Structure formats: structure tokens, C-alpha cells
């Protein structure tokens, strides 16, 4: 059906809303083409959200005593895992969009067209964060507490992408804050709600549920920052509070949506999931250790090797132990001498003083002993290294 026919078919429907002076308009398009390269607002919002989350998380991590750059290091693991998890959750729960009769399964790979499930993103993103924290020896609960407000901020920014895509809206409404959904068409006059351009023809006036969630997320960010400053929450409890706050709001937002969705026990799957996750998060928040970790606990313990580097780790450990033993043996005479106070000797008369030549000889003997000890340690280290290889 061409643009002209479609436009005429909705004129009557849009005319009934003309008496209302103001609704929230949708963007006329969500994609801009720069030569052969499409610039998608949805993808741009996701990228900006990730940057904002890392920025806020980094600031909070350093304020809590962590080392600069740690959040970015862990994000190199968490972000790819999170994007994959978010897409997998969406495809699994809305499988009919891609694998039903007449659908193209390859569309499941088109992340830029929208479709990231927060539950999968948090789950697999958490796995990626766990791997990153293991690599850099950072406590995962403390990392989660530092990054939690940033994640919620990223979710709020990401909802702007839904606005440009004209998706995730609710029932029809006559409220003054209703959202206008425009018909969009491609350059051939064919209907293309995702990638097309609007001519201003209104298809529906709906509840802007994406906007409700955006506002709720921003309130949640402020709540988390205030609660953390007020009670110094740690040990993963602030992350649990973030999950509880988000799922509480998501439960009510889902009740206003009317787009197609998988149902479990008569509930939209995201309503069902929100309920279960909320209970689990609340239980963790109540039962976990109170207070906050000491700043020293946030310092990285050195980069962990990957599994194929464990042989090198054992060799390095043997070298470290041998060097420590050598240093301890060489420092022993000095430390013992340093413990003696000037008046501890029974007789401090000059006649008991040791001649300089004898003292020099003793120091030479001690040096020889040290060299012997270091040599022995080096040989032992070499044997250990060959064994590890």
C-alpha cells in the first residue's frame, strides 16, 4: 500500500485529536543516512548510556577508595557480555518476531533496530563483570555498588532510543501528555515505522511508557546516590537496592503496555520476571552484610593470569618466594643488631671494643654468606621454573 492510500486511511482517525492543542510529538525519524552509513538514534543512545555509566561508576569507585581506571578495565568485559545477553533475552522472549512463519531469522542479529532485554543484559553483563573482577582482583560486590547508579542512568538514556524508534508505548490515551505515533514511510512510499520518515500523519495517541520508565530511572539514580551517602551501603547491597528499585517501577510500567509480548500465567513475561527478581534483590539487601568495605579492600591485587598462564604464575611464585627468603636471610643480622640498645651490654668499657679489621672481616664473611644464599635461591628458582614449564 502506497503512502497516499495509507495517509488517507488514517486522516479520519487523527482528525478526532485535532481539537487538542498539544501532545508529545514523536521524532519524525530515527535514522539519518550519512552517505552509505546509517546513523541510528537508538544505537547512539545506547553508546551514550554506556559512556555515562562508566563515567559515573569511575568517579564513585575512586571516591570509595578504588584505583583509577578499574571501572573501565572491567567494562571491557562487562559491556560486550551485557549487549549479547540483552539481545539473547529479547530474541528468546520475542522469538515469534524472528522465527515465526514468514519472518526472517537473520533479523535477530539486527540489534540496531531495537530489542535489548535488561534482564539478559544484567545477567550476562554480571558474568562479564565477574570475569573482569577476577582478572584484576577487584571485589565484585564492591564494584557492583559503585556502578549501580550508573547502570540505572544508562537505562534512562537508553529509553530515549525507544522514543526515536516509536516503540515500547502503552494503551491509547487522551491525556495531555499522550505520545503521538506517526506513520513513517521509506523513499519508495512503503510503510517503514522503524527506518522511514514521518510526514506528520498521526496513527495513534498512546501512553508514553518509555517516558514513565525514564523518569522512574532518574528518580532511582537520585535515590541510590542519596541512600549510599546517608548509610554508606556496601557488600553488594546497593546493587541489590538498584535491582529492587528498578523492578518495582518496571512492574507497574508493564501493566500499561499493550504491545505484543510473551505471557506466563496470564502476565506479561517482564511483569512476571520483575516480581521474581524484586523478591530476590530485596532478600539479598536484607540478609547481606551491613556497612561498607574498607578502602584497602578495593585495591587490585595484581592482574590474574588466564588459565593458560598458570604455569608462568607458579614459576613467578617460586621466584618471589626464593627472593623473599634471600632478603629475609640477608636482613636478619642487621635487624638483630638494630634491636640492641646502647646500654644493654654488661660492660661498655673501651677494652671490649672490637678492632676495625676484625669488624671488616665479619662484614666480608656476612656478604659471602649472602651471595651463597642468593646463589642457592637462584638455582632453586631455575629448577622450579623448568618444572613449571
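Glycine residues also receive a Cβ, built from the backbone N, Cα and C atoms like all the rest.
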Among ranges 14-33, 174-193, 234-253, whichever one TrEMBL labels transmembrane segment: 234-253
Annotated stretch (transmembrane segment, per TrEMBL) among the listed ranges 69-89, 300-320: 69-89
The transmembrane segment (109-131) versus listed stretches 69-89, 138-158, 210-227: most Cβ pairs under 8 Å: 69-89
The transmembrane segment (234-253) versus listed stretches 39-57, 210-227, 265-287: most Cβ pairs under 8 Å: 265-287
Long-range neighbours of the transmembrane segment (39-57), counting only residues six or more past its ends (CB under 8 A): 27, 30-33, 71-72, 75, 79, 111-114, 116, 146-147, 149-151, 153-162, 164-165
Sequence-remote partners of the transmembrane segment (265-287) [C-beta within less than 8 Å, at least six residues beyond its ends]: 93, 119, 236-237, 240-241, 243-244, 247-248, 250-251, 254-255, 257
Non-local residues, at least 6 beyond the ends, that sit with Cβ under 8 Å of the transmembrane segment (138-158): 45-46, 48-50, 52-57, 60-61, 64, 66, 70-71, 74, 116, 118, 122, 126, 129-130, 132, 213-214, 217-218, 220-221, 224-225, 228, 233-239, 241-242, 245-246, 292-293, 297-298, 300
